[in-house]
Amino acid sequence: MGLFDFSVKELHDKLVKKEISPFDLVSESFNRIESVEDKVGSFITLNKEAAFGVAEELGDAGIDPNNMLSGLPIGIKDNIVTKNLRTTAASKILENFDPIYDATVVSKLKNAQTINIGKLNMDEFAMGSSTETSYFHKTHNPWDLSRVPGGSSGGSASAVAAGEVLFSLGSDTGGSIRQPAAFCGVVGMKPTYGRVSRFGLIAFASSLDQIGPITKNVEDNAYLLEAISGLDANDSTSINQPVERFSDSLTGDIKGLRIGVPKEYLGEGVDPGVKQAVLDALKTLEKLGATWDEVSLPHSEYGVASYYILASSEASSNLSRFDGVRYGYRSPNATTLEELYTKTRSEGFGDEVKRRIMLGTYALSSGYYDAYYKKAQQARTLIKQDFVNVFENYDVIIGPSSPTTAFKIDGMINDPITMYSNDILTVPINLAGVPAISVPCGFSDGLPVGLQIIGNYFEESLLYKVAHAFEQETTFHKEKPNL
């Protein structure tokens, strides 16, 4: 039994009693990385020397018994800036970018005394659903190395599933935490928009992006979200909402819980094996005293189209800062300022990023703004209202995290429309800004299936309660890939 088979709470107790040291945990991480990283490719940059340095300091100072995360190893998605540790967003244009400040979540993790093992692979600028658009390498799913881990936080999910780190941070713009968590058989939470500061997150679509935790179990996830949540003066979209002790909500009691199951989430396009796993999960929740009804989110069908117009439009604006002048890659072949801009961006961005920048610029252009961008915003309002309507009568909404299990590497990379349609069950949640968690709920042909539990605004505690009650009745979260 490896050290990472223990939960956060169990490891904390061992650290406080000095049965193990932070140095032991960091060693466990790097030994595992040495053993499996060549197969999975979770990381872009390792932080080995600094990690062992912090571990020794914490070992000498002693673990704070009131600090649940002290001395525990974490991996951080490579679009979250880390002072003096290369941060690339998996793009050539930021290949050698060395940030001069920490993201707010990184500062909070340092205050919590976690130990950063390294920066995790992702789709370039978080644009993708498979971690295949990374400039550096493709990440492989630990359950089947011929398949994708999901995306864009594929490295964050694969590192946890492969036991390279205890937990990780990802970001979720249209499903980028929940879908890889589902594909890799781990737990991933997308918090309410504004719950976690985005300061220091390299922006893709600012009205949709949200940072969240990926862990092996629900309790660990709750501890990590507690540590990174809260108002931040550096992020005007962060919301002044009290940071609850999410871990206190894990009572196992969900008697009387009212679940809405959208007919749109179990219809055509959802794999039979995925659908069956979700229906079985609903039976488990019924046994625990919950009830469920079929409901409708009628505007879900417009989710993917609206999302790709809005997200791409915001990306075309956000990514205009990468111009070869201030930081990042600069084309050596330019002789004029105009050439510097065009060549730097043509050479520095990958195909998918360029595709979305062009799509967004087109949607925002004169003559098309009303037809595309404005229409997408109107559809977003309707999608948001769908959720508001259902939550008037139901406590949570439940469905699959993804319509399929993990697909083959290179299986969809040249078919962007099919790839985009994979996000059909996750993008409405980002458009509405509500929280959702993916928890393992079974297997289909040996591949993990994720159950998506969606809550009303700032009801993460309820999501954790439901997810934890389900987890306690099942063993799916204890299953591990054979690497």
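Glycine is treated like the rest: Cβ placed from N, Cα and C.
Per Swiss-Prot, the feature active site, charge relay system maps to LYS77 (among others). The Cβ of LYS77 (active site, charge relay system) lies under 8 Å from the Cβ of LYS119, LEU120, MET122, SER153, GLY155, SER156, SER168, LEU169, GLY170, SER171, each of which sits 6+ residues away along the same chain. Classification of LYS77 (active site, charge relay system) by DSSP places it within a strand.
The Cβ neighbour count for SER152 (active site, charge relay system), using a 10 Å radius and every protein chain shown, is 34. According to Swiss-Prot, the feature active site, charge relay system maps to SER152 (among others), an assignment based on sequence analysis.
A 10 Å cutoff on Cβ-Cβ distances gives SER176 (active site, acyl-ester intermediate) a total of 37 other Cβ atoms nearby, all chains included. For SER176, the entry in Swiss-Prot reads active site, acyl-ester intermediate, with the evidence type sequence analysis.
A separation of roughly 5 Å, to the nearest angstrom, links the Cα atoms of SER176 (active site, acyl-ester intermediate) and SER152 (active site, charge relay system).
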